[in-house]
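Q: One structure coming up, written as structure tokens, with questions to follow.
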Amino acid sequence: MLILSVDTSAIASAALLTGEGQILRAFATEDTRTHAEVLAPGIRALLDEAAVAPAELDSLVVGVGPGPFTGLRSGIATARALAFAWDKPLHGVMSLDAVAAQAAPAARAAGQPEYIVATDARRKEVYWARYGTAGSAVMGTAGDAVLPELLDGPHVGPASEVPPLPAYGRGAGLYPEQLAAVAGFEGVQPTAEALGRTAAARLARGLPLLDTTPLYLRESDAKVPGPRKRAL
Amino acid sequence: MNRERPLVLGIESSCDETGVGIVRGDELLANTVSSSMDEHVRFGGVIPEIASRAHLDAMIPTLRQALDEAGVTLEDIDALAVTSGPGLAGALMVGVCAAKALAVATGKPLYAINHLVAHVGVGVLDGGTLPQNLGALLVSGGHTEILRVKSLTDDVELLGATIDDAAGEAYDKVARILGLGYPGGPVIDRIAREGNPKAIRFPRGLSQPKYMGTAEQPGPHRYDWSFSGLKTAVARCVEGFEAAGQQVPVADIAASFQEAVVDVITAKAMLACTENGISNLLLGGGVAANSRLRALTEERCAAHGISLRVPPIRLCTDNGAMVAALGAQVVMAGGEPSGITFAPDSSMPVTSVHLPPVR
Ligand SMILES: [Zn+2]
């Protein structure tokens with residue numbers, strides 16, 4: 001099985017992986033403001049370098065956020081158009097799951113039954129969710145470490161409102177005074193690689209994935225205008 | 001690539017309409033538009049984030065419907081075209097990402113198209129090749145411009161534009177002042193018919209000699225417009241009636257406001273045409289639906305010996321067919337595809353009809 005994974009909830013990234021979660025090719029850019037420029041060329045190069053024809057793909061997955069709106073949409077718009085043109089199934093994965101999967105082995109090793117994943121939501125806030133290391137993971141199965149259980153979230157808000165648990169991800173690194181940032185994970189952002197592995201593990205176990213509705217978590221800033229201001 | 005009569009799919013998402021159009025050469029095959037206008041009503045104007053969200057939701061269904069309507073598949077398409085600017089940055093991004101993904105998925109060449117020039121290019125879908133000595137007057141909720149079009153595919157020049165609000169925006173704001181709802185254009189046009197356009201003399205922005213200069217020594221804004229002062233004048237007028245305890249003569253104000261807008265638009269457009277050798281004018285943009293603008297443009301064009309062409313209104317409002325139409329013209333003229341690395345440009349100048357490939 002071949003999966004193309006895309007995430008633009010923070011950085012822009014894409015990955016080509018097998019159903020067992022083995023990464024064949026991946027690309028990622030640190031720049032968070034040029035998603036519309038780099039994503040399509042990145043995906044084209046990925047397929048070319050891996051010598052994979054679109055017909056060989058089984059499905060696509062895309063990170064549905066939460067993430068800054070414009071960047072987030074660029075990945076979802078791209079994935080939806082690719083899936084439409086190739087006539088392939090497209091699934092959504094909550095983007096914080098990607099960081100949670102990377103954090104899970106460390107959290108287990110540290111004996112943390114619960115932990116927080118936080119990413120940068122700008123405006124002095126974080127996107128965050130609470131995960132558990134026990135419970136859903138089936139020990140001994142390939143990829144079990146990448147399936148921590150989502151207990152609460154995703155949310156958006158100031159770091160001060162996040163539960164006091166070990167915190168993983170760039171959001172934790174940005175607010176070390178409010179969050180118990182775990183060393184070595186202060187800069188971790190969602191990537192298509194980690195996201196794709198999460199999706200592959202869920203698909204392998206017959207667990208459901210999301211649709212591709214973006215998780216904005218915030219309303220648009222629009223305000224209904226008040227009564228007319230006087231010009232005189 | 002078929003450059004004789006190319007089958008081109010165009011995507012538009014610069015404001016609040018998600019459009020996908022398909023043309024073969026200068027023949028229109030499909031023009032599917034999904035508008036988020038209803039979602040902006042309570043805000044009295046287009047909210048960029050709401051428009052962007054709506055574009056994402058509407059893009060694939062609109063694309064699917066256009067292909068169905070045209071009876072073609074993505075495989076049949078010779079080239080893809082997308083609005084890369086000018087427009088709302090977040091809104092443009094959705095169409096550009098979708099178009100680039102289609103280019104990756106199908107291997108078809110992609111052309112990044114200028115939205116304003118596409119408002120002119122759409123003219124070929126209604127009556128074929130555009131005449132020489134061409135000008136274009138574009139009036140909509142997002143823009144108000146007069147262009148000289150020496151060559152549709154590679155020589156377009158901006159002669160004048162609004163320096164603040166677009167004419168359509170002025171209609172929206174005045175409709176709000178008069179309590180008429182959103183969008184303002186159609187409702188003011190309707191109510192103005194019952195009013196006296198000469199009841200109140202509203203200002204014609206940038207018409208003083210210091211802005212106009214002379215044909216030989218043009219002032220700084222000879223062909224430019226400004227509508228923000230007009231909006232304030234309407235607000236003052238309404239408040240004057242209210243302060244005096246009088247009933248606000250809504251129809252007279254609407255008619256007088258509309259007359260001021262349409263008079264200054266057409267007067268400056270005529271000046272720009274006659275002083276720049278333009279003998280054929282195309283009227284485009286959503287406000288081309290306004291009855292008074294059409295009537296006065298016709299009248300003044302006739303008086304100046306200028307031929308006028310107004311595409312059907314569904315082609316004047318923002319749509320994907322106009323993007324496909326200009327894309328096809330660029331393909332037929334031998335233009336190079338733009339590639340897939342370009343960035344949307346919210347202030348793309350009209351001198352850039354389509355983006356050259358990034359090398
Ligand atoms: Zn327009």
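Even glycines carry a Cβ here, placed using N, Cα and C.
Just so you know, TrEMBL annotations never went through curation; they're auto-generated.
TrEMBL feature annotations, pasted as is:
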BINDING   B:HIS115, B:HIS119, B:ASP318  Fe cation binding site
BINDING   B:LEU138, B:VAL139, B:SER140, B:GLY141, B:GLY142, B:ASP172, B:GLY185, B:ASP189, B:ASN290  substrate binding site
DOMAIN    B:27-324  domain 'Gcp-like'
Q: Taking Cα atoms as reference points, rank the binding-site residues B:HIS115, B:HIS119, B:ASP318 by distance from B:GLY185 (substrate binding site) and give the first.
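A: It is B:ASP318, whose Cα lies nearest.
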Q: List which of the binding-site residues B:HIS115, B:SER140, B:GLY142, B:ASP318 have a Cβ under 8 Å from any Cβ of chain A, in sequence order, or say none.
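A: Sorted by position along the sequence, the hits amount to none.
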Q: Which number gives the other C-beta atoms within 10 angstroms of the C-beta of B:HIS119 (Fe cation binding site), all protein chains shown included?
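A: Taking all protein chains shown, B:HIS119 (Fe cation binding site) has 32 Cβ neighbours within 10 Å.
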Q: Cβ under 6 Å from ligand 1: which of the binding-site residues B:LEU138, B:GLY185, B:ASN290 qualify?
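A: Cβ < 6 Å from ligand 1: none of the binding-site residues.
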Q: Among the binding-site residues B:LEU138, B:GLY142, B:ASN290, report those whose Cα falls within 10 Å of that of B:HIS119 (Fe cation binding site); none is a fine answer.
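A: So far as Cα distances go, the binding-site residues lying within 10 Å of B:HIS119 (Fe cation binding site) are B:LEU138.
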Q: Using DSSP and three states only, what is B:LEU138 (substrate binding site)?
A: strand
Q: Using DSSP and collapsing to three states, where does B:GLY185 (substrate binding site) fall: helix, strand or coil?
A: helix
Q: Show, in sequence order, which residues other than B:HIS115, B:HIS119, B:ASP318 on the same chain lie with their Cβ within 8 Å of the centre of the Cβ atoms of the Fe cation site.
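A: Here the nearby residues are B:GLU12, B:SER14, B:CYS15, B:THR83, B:LEU116, B:ALA118, B:LEU138, B:SER140, B:GLY142, B:HIS143, B:GLY284, B:GLY285, B:ASN319, B:MET322, B:VAL323.
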Q: If you average per-residue pLDDT over the domain 'Gcp-like' (B:27-324), what number do you get?
A: 96
